[in-house]
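Structure record follows, encoded as structure tokens.
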Amino acid sequence: MEDDGDPESDEVRIINESSQDLRNLVGFKVYRRRWFILFVLCLLNCSNAMLWLSFAPVADQTAQYLGASLDQVNWLSLVYMVVAIPLSFVTTWMLDTLGLRISLILGSWLNMAGSGLRYLSVLKSLPAGVRYFPLLMGGQTLCALAQTLVIFSPTKLAALWFPEHQRATANMVASMSNPVGLLFANIFSPMIVGSDNNLPLMLGIYAIPALVVCVLATLGIQESVPPSPPSASAETSNSEPFLQGIKLLLRNKAYLILLLCFGSGIAVFTCFSTLLEQILCVKGYANDFAGLCGALFILFGVVGAFFLGLYVDKTKKFIEAIKINMSFTALACIGLAVVSQLRDQKAAVAAMCSLFGFFGFSIYPVAMELSVECSYPVGEASSAGLLFISGQVQSIIYIIVLQALTQPLEDSPFSACAAGGDAALSWKVPMLVMAGLCSLGTCFFVIFFHTDYRRLLAEAGATQGVGTARSLNAEDSREVE
């Protein structure tokens, strides 16, 4: 593979030729019901994300309705992070050992039970000691348990049900349904709650998608794997046992670099999403503008992920795509760190948020696919799960550090923060540190990350071995029910 010429170009050419041989000679089958399973996963992911951040855009009104503090309301979102770190190991084991069907059905039931418990917690008919916050937190915790089963499923679904030329796109669609749910929560929560503080109506409406997806998953998903594999890796993959797979991941230099750098990227994006309103209000930007910037961040991120997913599916240039996008993400982060400290620059701030999302968000599904490529034959859920855990751990560290770096402002006459000018904080140093961390992670990844596409190479090698064992049958490449 590394003789004369560009080795990576030769590798992609051979893989593409082998993939065509795979379809024409070996004839792996794809099934139309893969799109139904993808739809169920997208709806479940979107519903769970809506339940996650349903209170954040209406935190003040939620605290007033429940008679709780803002810190308690914030824990309704933070519980997702706390639950994810220890339980992610269990759920990755479930996905790789028990299969996709059991994991998705269990996740949908936990999601529905949690949303139902949230709604029951605000019913006036319940005793005062049971009503409101404790029961609400219990429901939110069940939803957090569901997230750990849902968030790692896209790579598993793409690997088991989709052919190699559709895997990145399927992973992108399933992964981006989560930020779409966050976008819906930011838009619909203030609209539903309104000035009347109708919190029960919001919880009831958000429970409907959870109920629908639970029914669809329970009745519609009948198997974890298709009757015939869609690709050579799906057929010949012999994923390592869970603990052995974890050991292999921790010995894989390329994967460890991806674990550190991509986890840092997730942490930077989490900090941005969590602290955006606090950063902008000091400079006089209203909450509705901060909400608009958050929406642009997600919207342009989904658009960028769509186009990058299609490009990577066609070219298989995972590494090149990620390195280029990470470089532009670092530049956008630096630009955002600068313009966010200026007053009356709405157009510039909105543009930087859009670019930050466009280049940064699009990395997520491609990086998840790359984690599988560089760690094959370790189970897909294990490789994606450790990346997610790394991001969650680094997110907590980054948020604590950035908040510690803030300085009280003696004079902030333009502050639009709800707490008033005396409590306003300067985010200049934290924003520069965040830009520095993003740039440092990008430089480290661009310089040191190199790997073979192990899964694609395995598929290319399996073409010859499997092709000799099967009769030539062009009709096998058709879609079947």
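Backbone N, Cα and C define each Cβ position, glycine as well.
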Problem set entry | Which listed span TrEMBL calls transmembrane segment, if the choices are 102-120, 406-424 | 102-120
For this session: May I ask whether the transmembrane segment (199-221) has at least three C-beta pairs under 8 Å with the transmembrane segment (254-277), counting pairs 6 or more apart in sequence?
Result: no
Exercise. Sequence-remote contacts (6 or more beyond its ends) of the transmembrane segment (35-55), Cβ cut-off under 8 Å?
Worked result: 62, 73, 76-77, 80, 100, 104, 107-108, 111, 114-115, 118, 140, 143-144, 146-147, 150-151, 153-154, 157, 161, 170, 173-175, 177-182, 184-186, 188-189, 202-203, 206, 209-210, 212-213, 216-217, 220-221
Exercise. Does the transmembrane segment (324-342) make contact with the transmembrane segment (425-449) through 3 or more Cβ pairs under 8 Å, each pair 6 or more apart in sequence?
Worked result: yes
Exercise. Quick one: do the transmembrane segment (348-372) and the transmembrane segment (289-312) have at least 3 Cβ pairs under 8 Å, skipping pairs fewer than 6 apart in sequence?
Worked result: yes
Problem set entry | Same-chain residue ranges lying at least 6 outside the transmembrane segment (425-449) that approach it to Cβ under 8 Å | 254, 257-258, 260-262, 264-265, 267-268, 271-272, 275, 278-279, 282, 319, 322-323, 326-327, 329-330, 333-334, 336-337, 340-341, 398, 401-403, 405-409
